[in-house]
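Database features, via TrEMBL:
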BINDING   A:Asp96, A:Leu97, A:Thr98, A:Arg126, A:Gln140, A:Asp144, A:Arg306, A:Tyr310, A:Tyr311  L-histidine binding site
DOMAIN    A:1-384  domain 'Aminoacyl-transfer RNA synthetases class-II family profile'
REGION    A:1-20  region 'Disordered'
Protein chains: 2
Amino acid sequence: MAKDQKKQPRPKAETPKGFRDYFGADVTERKAMLDRIAEVYHRHGFDPLETSAVETVEALGKFLPDVDRPNAGVFAWQEEAVPGGGSGDWLALRYDLTAPLARVAAQFRNDLPTPYRRYAMGPVWRNEKPGPGRFRQFYQCDADTVGAASVAADAEICGMLGDALEAVGIARGDYLVRINNRKVLNGVLEAAEVRPDQAEDVLRQIDKFDKVGRDGVLALLTTGRRDDSGAQIDGVGLSEAQAAPVLAFLTSKGAGNAETLANLRAAIGSSAIGAEGVDELAEIAALLAAAGVAEDRAVIDPSVVRGLGYYTGPVFEAELTFEILDEKGRKRQFGSVAGGGRYDGLVERFTGQKVPATGVSIGVDRLLAALRAKGLAGAEAAGPVVVTVMDRDRMADYQTMAAELRAAGIRAEVYLGNPKNFGNQLKYADKRSAPVAVIQGGDEAARGVVQVKDLILGAKIAAEASVEEWKAQPAQTEVARADLVAEVRRILG
Amino acid sequence: MAKDQKKQPRPKAETPKGFRDYFGADVTERKAMLDRIAEVYHRHGFDPLETSAVETVEALGKFLPDVDRPNAGVFAWQEEAVPGGGSGDWLALRYDLTAPLARVAAQFRNDLPTPYRRYAMGPVWRNEKPGPGRFRQFYQCDADTVGAASVAADAEICGMLGDALEAVGIARGDYLVRINNRKVLNGVLEAAEVRPDQAEDVLRQIDKFDKVGRDGVLALLTTGRRDDSGAQIDGVGLSEAQAAPVLAFLTSKGAGNAETLANLRAAIGSSAIGAEGVDELAEIAALLAAAGVAEDRAVIDPSVVRGLGYYTGPVFEAELTFEILDEKGRKRQFGSVAGGGRYDGLVERFTGQKVPATGVSIGVDRLLAALRAKGLAGAEAAGPVVVTVMDRDRMADYQTMAAELRAAGIRAEVYLGNPKNFGNQLKYADKRSAPVAVIQGGDEAARGVVQVKDLILGAKIAAEASVEEWKAQPAQTEVARADLVAEVRRILG
């Protein structure tokens with residue numbers, strides 16, 4: 001076998017395109033964030049669910065339901081059909097956490113409580129063209145309530161989302177949960193006398209509201225407009241009178257929920273479904289107020305259009321409202337970090353029965369990026385105390401030192417590389433972001449002392465100090481061996 | 001599209017064969033265990049690494065290195081070759097956490113510290129025939145040190161493994177880390193004048209030591225034996241004199257490390273590689289003693305044979321020594337929960353350079369089963385306080401109660417199903433393992449009180465009490481609305 005290997009070219013040490021690894025603080029910071037979110041979800045009565053990463057293509061459905069990515073694919077393969085073994089089924093990696101929830105809700109419908117509140121956190125996979133910052137494996141963090149028809153479930157999730165954002169460190173005032181309702185839009189379409197065959201086109205144009213604004217959408221709904229490149233984009237062909245309720249809907253946000261709801265009632269005219277939608281929003285507003293969630297945390301906002309095409313009732317989105325600098329150094333709002341809403345037909349594919357459900361998904365990478373931008377993540381990156389090896393025959397002594405430090409709760413390790421070159425040991429400590437190095441040669445051992453080097457102070461001195469200051473080595477202290485732990489603790493603060 | 005779906009049969013709501021979901025406590029108990037292990041690893045200077053679940057088949061290698069499962073397969077598929085998109089590469093799900101570590105160690109060899117200590121926890125996938133308790137996705141939990149030639153790295157991992165077991169709740173005395181060395185075996189094979197072409201056969205028979213014992217191995221090494229079914233199994237053909245050092249090796253465990261090491265020195269005769277192996281074991285024993293790890297926690301034990309064929313130096317295995325009842329009600333030791341050792345060639349496949357490495361893998365499911373058997377996991381299963389809905393118009397009041405309880409750190413939720421049938425609400429609370437139900441009808445609301453029902457006490461009374469006792473309803477208390485949180489807290493203890 002060794003011979004065979006020599007003939008073959010060496011394999012490339014690379015992840016597949018679009019995949020990546022997470023090292024050290026990348027892992028711990030995300031984990032700390034998700035742990036805090038999980039605690040909030042758990043306190044709200046949500047139970048964790050971890051489904052298998054692999055599903056049958058049949059159970060998963062072949063395509064993503066998200067209208068933003070209609071052609072997105074899955075990683076799928078066919079099992080070998082082996083007697084007593086593989087089934088010949090097509091299997092695939094899950095592309096989100098909702099499709100597996102649908103399968104679980106159907107498979108275990110007789111065992112799960114109704115309603116079933118669950119949260120799920122884990123990787124999902126998309127067979128898409130990778131690009132900068134766009135990976136084919138990424139984390140999702142979802143909470144859903146299955147089997148609750150009441151919009152109390154939607155209100156609960158909106159409030160919980162705010163709690164989760166605060167739990168990870170986003171200050172009140174730095175986020176806003178904005179809530180809309182697909183039924184109100186349906187009412188508006190009725191009031192505007194939009195024909196059923198036009199509805200999808202109208203929805204598509206509304207989806208551009210964030211980008212092209214009121215006048216842009218007006219043009220797109222009526223006679224069309226020219227885009228930035230000068231190309232003519234056809235309009236849907238509504239009259240201005242028809243477009244008016246749609247624009248009224250999109251721009252009906254008032255100074256507070258009461259005013260917004262009044263504007264919406266005007267926009268839907270006499271539509272029954274529209275009135276149902278406005279009533280739902282009013283109930284959500286009342287429930288949030290009762291739960292102490294003020295309008296500066298969660299607010300009715302009909303300009304939320306993302307996902308309106310996918311969801312069937314209330315729709316919500318959490319935005320971070322503080323400003324960051326973009327790649328070009330311009331200030332901009334951080335923007336959306338979570339979205340969700342109410343959807344039907346989750347379980348229907350499997351059982352034929354409609355089961356109401358509502359849920360939210362937090363964009364894990366985006367929220368983590370926000371925490372980093374605000375300086376709220378990164379403290380975990382501190383490296384271990386490194387016990388250096390001056391004398392390789394006394395490895396047991398060095399291990400004892402490290403064991404003592406660890407017993408005191410201090411992260412510590414012995415240098416385990418070739419100890420010959422002491423400079424390499426300090427370079428290693430630097431690479432490890434070690435705050436302290438411990439040094440004991442034979443001379444120090446004989447005198448019962450140990451050198452403790454403050455590497456953070458040392459780096460500061462190296463950068464700023466004069467030669468005289470540097471020579472005085474204030475960052476290195478000799479202490480009695482028995483005082484090692486106390487001295488390290490003093491330096492770590 | 002709705003029409004198309006009606007024509008198709010409904011998809012089956014099932015995981016693929018050999019896959020499973022984890023609910024509630026299954027998730028939190030495993031997580032709590034892994035969190036404690038991660039803390040120990042972190043304190044020892046190990047950094048987390050989370051590699052992508054998908055690797056190229058080329059980087060992964062097509063087959064498992066574990067000799068126990070030579071035909072085990074991976075889940076693999078070929079990417080479509082699309083210009084600017086898929087590469088046409090064969091991709092696969094990782095089958096363990098060591099192969100991806102090899103790829104990472106090669107890919108990032110200029111960026112990672114040397115030595116590189118890392119831990120990894122996560123699912124792996126095996127395309128094997130599923131069976132009872134045998135799944136095709138399961139968790140692994142590994143710690144490895146890459147780039148440290150010194151057996152101080154092995155000793156560190158053995159000590160850390162003991163710390164990890166204690167951290168999850170296994171008492172000192174209930175586990176034992178047993179350590180052996182492949183080099184000693186190599187020395188024994190030299191002393192026994194085993195021909196190179198016989199070595200693999202000898203190894204295979206040694207691997208049966210746990211099962212067939214000393215005399216069984218003697219027969220297998222020499223003239224063969226009859227197995228339980230009466231079939232004749234050929235022997236390797238060694239003389240009894242040749243077999244003697246091998247048996248001396250396997251049975252050289254003495255009353256303590258000193259005696260064991262003396263027995264091993266005798267078994268290896270004049271073999272240089274054997275002497276190197278014994279010296280390594282002696283050094284590991286000394287390092288463990290210096291770090292305060294006594295022989296009742298980690299001990300040299302040449303009867304550890306599992307993995308000897310795979311590893312190249314020290315080999316270790318952690319056993320839980322307490323007894324449990326097996327499926328047939330017989331007492332037996334719980335047995336192995338972790339194993340590891342030193343291996344070469346980890347990075348060599350990629351770079352051509354030998355990089356020394358050593359590591360350990362904890363069997364996550366087995367260790368969790370052990371914790372459950374000892375009653376050390378399961379406390380997390382407590383459900384939320386359920387606020388019932390007597391009057392659906394006062395949903396806001398009920399949400400306020402739940403919000404107050406949560407603000408006091410108590411897990412609480414409002415019943416969100418159809419509130420019409422109150423019995424269903426109590427059944428729901430039972431299914432949720434709720435410790436407390438909160439009840440407030442219009443009458444109670446008017447009087448400013450709330451009913452708090454102790455469901456655990458209630459269940460006890462229902463099971464044990466007389467009719468009179470039951471009627472007195474000692475498990476249900478009426479308190480002032482303002483005292484809700486205090487009363488719930490009192491019941492929860």
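Cβ atoms here come from the backbone N, Cα and C positions, even for glycine.
Recorded features from TrEMBL, shown on the structure.
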| residue | record | Cβ neighbours (10 Å) |
| --- | --- | --- |
| A:Asp96 | L-histidine binding site | 18 |
| A:Thr98 | L-histidine binding site | 21 |
| A:Gln140 | L-histidine binding site | 19 |
| A:Arg306 | L-histidine binding site | 19 |
| A:Tyr311 | L-histidine binding site | 22 |
Which state, by DSSP, holds A:Gln140 (L-histidine binding site): helix, strand or coil?
strand
On average, residues of the domain 'Aminoacyl-transfer RNA synthetases class-II family profile' (A:1-384) score a pLDDT of 89
Three-class DSSP assignment, A:Thr98 (L-histidine binding site), comes back as helix
A:Asp96, A:Thr98, A:Gln140, A:Arg306, A:Tyr311: the binding-site residues whose Cβ falls under 8 Å from a chain B Cβ
none
Taking the residues A:Asp96, A:Leu97, A:Thr98, A:Arg126, A:Gln140, A:Asp144, A:Arg306, A:Tyr310, A:Tyr311, which the record names as binding L-histidine, find the longest CA to CA distance and state it in Å to the nearest whole number.
21
Where does A:Tyr311 (L-histidine binding site) sit in the DSSP three-state scheme?
coil
